[in-house]
Amino acid sequence: MQLSDQNTYSIQNIDPHHFTEKFGSPLYVYDGATIRRKVQELQHAFPGINMKIKYACKANTNLSILRLMREIGVELDVVSPGELEMGLIAGYSASQITFTPSGVPFEEVREAVDAGAIVNVDSIPLLEWFGQTYGNTKPCLIRIKPNVAAGGNAKIMTAHADSKFGISVLLLDQILEVVKKYDIKIIGLHQHTGSDIKDAEPFLKVADILFETAKHFPDLEIVDLGGGFKVSYLPGDQITDMDLLGRKISERFKKFCSEYGRELQLWFEPGKFLVSESGYLLVNATVVKEDPARNFVHVNSGLNHLIRPMMYGSYHHILNVSNPAGEPKTYNVVGYICETDTFATDRTLPEVKAGDLLAFLNAGAYGFTMSSNYNARQRPAEILVDQAEAKLIRRRETLEDLLKTQTDL
Ligand code: LLP
């Protein structure tokens, strides 16, 4: 079945009514075919170089998604011991996992190193500790802050001078001093510019900064350019031109490798690019309010399930699955949480009636993983549709799940 919205957007491989009847609402549904397609697109975009994908699994840590990634040759980037553990449970070997912490207690770094993961060191104090603790016995990468501002909005830019992430490239002398003092084996340089970066330009700029910095590190095997490719959120939206970016980066990387004197690996850590478009959050309209100021559609969900619109002003396209050919009307689509949780302002949708099934698009990345139990609400179930099979990959939460950590029942 295929549902279309003005012939521009469609939900393929998924029958929303069937799923919500069977598994309830609200419901997260992921399409494995889309994930496979996005992975292939990336794998084919970098001709003639040794490129590796490390999925930034903070975007979606469902074990079935991690297993799917593993099956199709994608490795993992994690930011916490919890994500590392999930990667291991999903069948990754620790050597396929990179730990990219952000100011974490050093004990977490020890846990990751003990497990066998490779670490992106993100501060001078951590580099000192790493050197004191491991000397030259454990290799690591260094996360460089290139001081480049790029990304969809200020909250998701991570490489500008004021960002908390990484070690400023301006501190190169200090980095080299610590590395020398402890003879630390630096096998890679890493950076992550931000999220929702459309143009090739920022990627090329940070690549040049990393390639230049790399000349000071003789034992490199890896250059990691992070994630951040922009995906499509609305009809006609411009996205990162992966073929163009791939060609340009590959060209420069080959030149860099020949100057460096060795073939290195180029790593990327996309999250959104691989999973955003695969996901749908299916909800039902609960109440339609025709207020003198504007029309409101309330749904049986809110910032507790999909916080991106409220946190970043992100656009999520909405389809009225029940009434796709209805008369266009303009609404504010809002949640049921006792906060202002507006999913969409002045959004024109085919007329919505109470009970209609709506689908939020681009819900595969940073949807479920950023969800909460605010207002003592339970999280939705998750379904993965892959290779002609629809599987419940997480059951709906119950009130018992919320109560089980309370000690005074
Ligand atoms: N690598 C590192 C070190 C990161 O911090 C991130 C994302 C990524 C890779 C993947 O970035 P992506 O390809 O997904 O853009 N919650 C926000 C996005 C924050 C991303 C945080 N770091 C959102 O929903 O837009």
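In case you wondered, yes, glycine gets a Cβ from its N, Cα and C as well.
For Cys338, the entry in TrEMBL reads active site, proton donor. Within the same chain, residues at least six positions away from Cys338 (active site, proton donor) with a Cβ under 8 Å of its Cβ are Asn375.
According to TrEMBL, the pyridoxal 5'-phosphate binding site annotation covers Gly228, Tyr366. Gly228 (pyridoxal 5'-phosphate binding site) carries neither a helix nor a strand DSSP state and counts as coil.
Around Glu339 (substrate binding site), the C-beta neighbours below 8 angstroms that are at least 6 residues distant in the chain are Gly302, Leu303, Tyr374. Sequence annotations record features per position, and here TrEMBL assigns substrate binding site to Arg308, Tyr312, Glu339, Tyr366.
Positions annotated as domain 'Orn/DAP/Arg decarboxylase 2 C-terminal' by TrEMBL: 28-364. Mean pLDDT for the domain 'Orn/DAP/Arg decarboxylase 2 C-terminal' (28-364) in the predicted structure: 96.
Under the heading domain 'Orn/DAP/Arg decarboxylase 2 N-terminal', TrEMBL lists 33-276.
Neighbour count (other Cβ atoms within 10 Å of the Cβ, all protein chains): 19 for Lys58 (N6-(pyridoxal phosphate)lysine). Summarising the annotation, TrEMBL assigns N6-(pyridoxal phosphate)lysine to Lys58.
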* Inter-residue C-alpha distance, Gly228 (pyridoxal 5'-phosphate binding site) and Lys58 (N6-(pyridoxal phosphate)lysine) (nearest angstrom) -> 13
* Ranking the binding-site residues Tyr312, Tyr366 by other Cβ atoms within 10 Å, which is at the bottom? -> Tyr312
* Asked: Listed recorded positions: Gly228, Arg308, Cys338, Glu339. Which have a CB under 6 angstroms from an atom of ligand 1?
  -> Gly228, Arg308
